[in-house]
Every structure is written in C-alpha cells, then in structure tokens.
Amino acid sequence: MKLHTLVSCLHDFPVVPKENPEITSIEADSRKVKEGSLFVCMKGYTVDSHDFAKQAAAQGAAAIVAERPIDVDVPVVLVKNTFRSLAVLADYFYGQPTHKLHLIGITGTNGKTTTSHIMDEIMRAHGHKTGLIGTINMKIGDETFEVKNTTPDALTLQQTFAKMVEHGVDSTVMEVSSHALDLGRVHGCDYDVAVFTNLTQDHLDYHKTMEEYKHAKGLLFAQLGNSYNHNREKYAVLNNDDAVTVEYMRSTAATVVTYGIDTTSDVMAKDIAMTSGGTTFTLVTPYESVNVTMKLIGKFNVYNVLAATAAGLVSGVSLETIIDVIKELAGVPGRFEVVDGGQNYTVIVDYAHTPDSLENVLKTAKQFAKGDVYCIVGCGGDRDRTKRPIMASVATQYATHAIYTSDNPRSEDPAAILDDMVHGANGNNYEVIIDRKEAIHHAITKAKADDIIIIAGKGHETYQIIGKDVHHFDDREVAKEAITERLNNEE
C-alpha cells in the first residue's frame, strides 16, 4: 500500500510529505522495523520512541509517523497524536476488519471479564463463530492465546481482528479498559454494542481523579454511533443502577438499552435468592418474565448476567437461547472460583482487587456462611495507593478475620504497602503476613468446619511480581496444596 493511500484515513490534518513510498508493514517497536515498514513514534511514560527514529530509518523504514519534526533520510508524516493515529492506520492497513464483525465492547471497573465470557457463550449458542479478547485470554474460535493487557495495543488489536476475519469469526466480544480508551488504542474499532458494567475506584495511579477515570470509560459511548456503516444500528447497554449512566446516556448517539436491579430498566432481575449452590431470580424483559436458576453466585453475577442478556437481545439472540446459556454457566477462572480438596470448609479464589468488588464478594460469602469468613487480601505495588486503606477497611468490616498480605509488590517494599493498608483497618480483627503463600497456609490451618476463606486480588493470575522478577504463583494451586497438607496431617 502506498504511503499517501494509507495516511488518507487520517482526518486530523496530518502534514504529509511529497514522497510516496510503498508500505509493507506498520511497526511501533523500532526493533521490529524492516525494509518497507512504516514506523510510528510514540511518547510513553518511560520511553519516547521518537528517539529511535534514526535507528528505524537505518533498519529500512520506508517512512515515519511522528508528533514532531525528525531529522532522518526518509519521509516523515506529522500528526497531533501518534497513539490514536496508530490505531486508525492499523485499522485501515489491515482492511478495516471490525466492519466485518459484530463487535461488542464491554467496559467498567468490575464485571468485564465475566460478562464478556457470558456474552461469548450466548453468541456461540446463537450459531456465531466467535472471538474473545480480555483479561484472562484471547480466543479465535476454539483456539486460545495468552494476553499481556486487558485490551492489547492498537497494532496487535487490528492484527487480531484481521486474523479473526480470516478464520471465519463473525462476532467478537472484547473487554475495553480505561487505559485503552484514554490512549486511543480502540480508535478505528467499529463497535455495534457497547456495555457499561459499573464505575468504582480503581486505576487512580493513572487517571489521578475519579472524574478523569469516568471520562475515559465514557469515551466508548461518546464514540459509539459515529458509525462507519450507517446500516448497522448501534446500542449502548448501560447499568441503570449506577449514577454515571445518566451522563453516558447523554453522551452517546446510539440507542440506549438499560439493565438493573434497583431501578426500573429495560432488563431487570427481581426476587433474587442465593445459596451456596447458586442463585435464582426472575428475569424481566420487555417481552416476558422468566424464572431463572443459575450456578453463578452473588448479586454481582446477577448484574453480569443482566448486562449479557441485554447485549444478547439487541444482538438478535432469542431470550430462550440466552436463558439456556445462563442455566449452564459454570463460571470464569479466578472469579469466585471454589477450590475443593475434600475439606469441610470453603475456599474461594477471586480477582477482587477494588474496594467495591471486594465488598461484593465478602457480602456474598456472608449471605451463605455458616461459620467465620476469612479474607486474605493485598494491594499491588506501583499502583493506586489511595485504595490500600480502603481495601483494608472493607476486609475488616465484612470478614470475621482479615489477613493482609502481598499481592504483586513490584518495585515497592511489601512491608510499606501493608503499612498503608493497616492505616485503614477497622478494629483489631486482622493480622499481617507478608508472604502470600504463608498467609494462605495460615488461614487454611485455622479454618473450622463451615468457615469460608476468600483469597482475593489475583484470581486467574499464575504469577507474582516481586521487584523486576516474575515468579510462578497461583492462589488456587497454593490453596489446594495447603488443603491437602492439612488433610494429610489430620489422618
């Protein structure tokens, strides 16, 4: 593709050189540049790849996209924002693949992963070959791939969409992070349905204020309706029980469909009842009301199911098909996942890493707890410090016993992180055990029959980051090991 043809997709008045070389690939990593590449420079938090433009040119880059003039011997296209330009260029270069997909984007603080997995099951049941992009993994049909970020970088994203189309995928569900929205990674993505789960405190290390965080999430809905294909109706599926929804309603040109429990909505749940074996409720839609029994536990999971139901209905899936899927849902790895080693107490691993999600998980556990509730929780290093005392407060408020431990301390001193947490403790029903493995073994050793142990924060993760080192660590494996050890000692 010629350079002039490629950059014609940019509509923010780029400064385009007269030269018109052939572009054979797009790269954002100078180390991957080869003959014919278009190298896009981006200024990150720690590295500014404008500094590697000469290296890219020396490696054969045919042209460079930058935010400032660069002294190189190849054509330079000047743009206002290279992050967003990369997304649009990648979309165009790979044939605008999302135009060929029914694309569903899910954003919010909590519930994205579970909702996306439910939605994927619903679309499969409707006969679609599906793609899935999210926190746990990426799927193309029945193939599964590991991921580094909730939402990949713009280049990887468009390459993935193109691969999905090539493999016959016609419907894709993806989690859309606030970082991806703020950095413009999803510019060029033609969403058909955008889903909002909820907004609570998280990522303030990046966004600085809740107002900025709210704005970033809202970009998905503000951009929805600016369709590349005017024959496709666009839908914003919004949680009517969240106060932010009113603002998102005003910001979108798409058709709004609401769901909720406490506020009158298009799709609702009533008469919710929970046991340790599942949840029952009445699903109310504009068409009919249906009694639902599902294996998933918790009010938060009812919200996830409502979001997926509303998104499924606007995607043309019958209510009957949706109900059949809900009844068989087995849960998502690391989301209220029970670790069963034959013990007489319950061990649950959950990804809850925000105050709101931790509160929801602990409240749910207390609803069917016959004994004490233990909560093992930590907070990530190099991340939002303001939520540390709040997380600690939630743990002591809703658990009988709280154990503060390490999560992914990264470059921070684990003891300093825990000190931040202790400042939020309510009462004295907590203890501090820095080593996460030791903390899990300690709780499992102390638990009595019918107690519940919640191991929060890491969920599906199979690693722990200490300093710059990434160690294998899986809460589920450690818990199973501790359960087995205790059972063997009791024989």
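One is the number of the first residue shown, and numbering goes on along the chain from there.
Cβ coordinates come from backbone N, Cα and C, glycine included.
Annotated ATP binding site per Swiss-Prot: Gly108, Thr109, Asn110, Gly111, Lys112, Thr113, Thr114, in sequence order. Under the heading meso-2,6-diaminopimelate binding site, Swiss-Prot lists Arg383, Asp407, Asn408, Pro409, Arg410, Gly457, Glu461, citing sequence analysis as support. Sequence annotations record features per position, and here Swiss-Prot assigns N6-carboxylysine to Lys217 based on sequence analysis. If you look up Swiss-Prot, you'll see 407-410 marked as motif 'Meso-diaminopimelate recognition motif'.
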Cβ-Cβ distance under 8 Å to Gly111 (ATP binding site), same chain, at least six residues away: Thr197, Asn198, Phe300, Tyr303, Asn304, Ala307
Collapsed DSSP category at Arg410 (meso-2,6-diaminopimelate binding site): strand
Rounded distance in angstrom between the Cα atoms of Pro409 (meso-2,6-diaminopimelate binding site) and Thr109 (ATP binding site): 21
Residues close to meso-2,6-diaminopimelate site centre defined by Arg383, Asp407, Asn408, Pro409, Arg410, Gly457, Glu461, Cβ within 8 Å: Gly378, Cys379, Gly380, Gly381, Ser406, Lys458, Gln464, Ile465
Shell list (ATP; ref centroid = CB of Gly108, Thr109, Asn110, Gly111, Lys112, Thr113, Thr114; cutoff 8 A): Ile106, Thr115, Glu175, Thr197, Asn198, Asn304, Ser357
Assigned element (helix, strand, coil) containing Thr114 (ATP binding site), judged by DSSP: helix
Where Gly108 (ATP binding site) falls in three-state DSSP terms: coil
Cβ neighbour count (within 10 Å, all chains shown) around Thr114 (ATP binding site): 26
Averaged pLDDT score, the motif 'Meso-diaminopimelate recognition motif' (407-410): 97
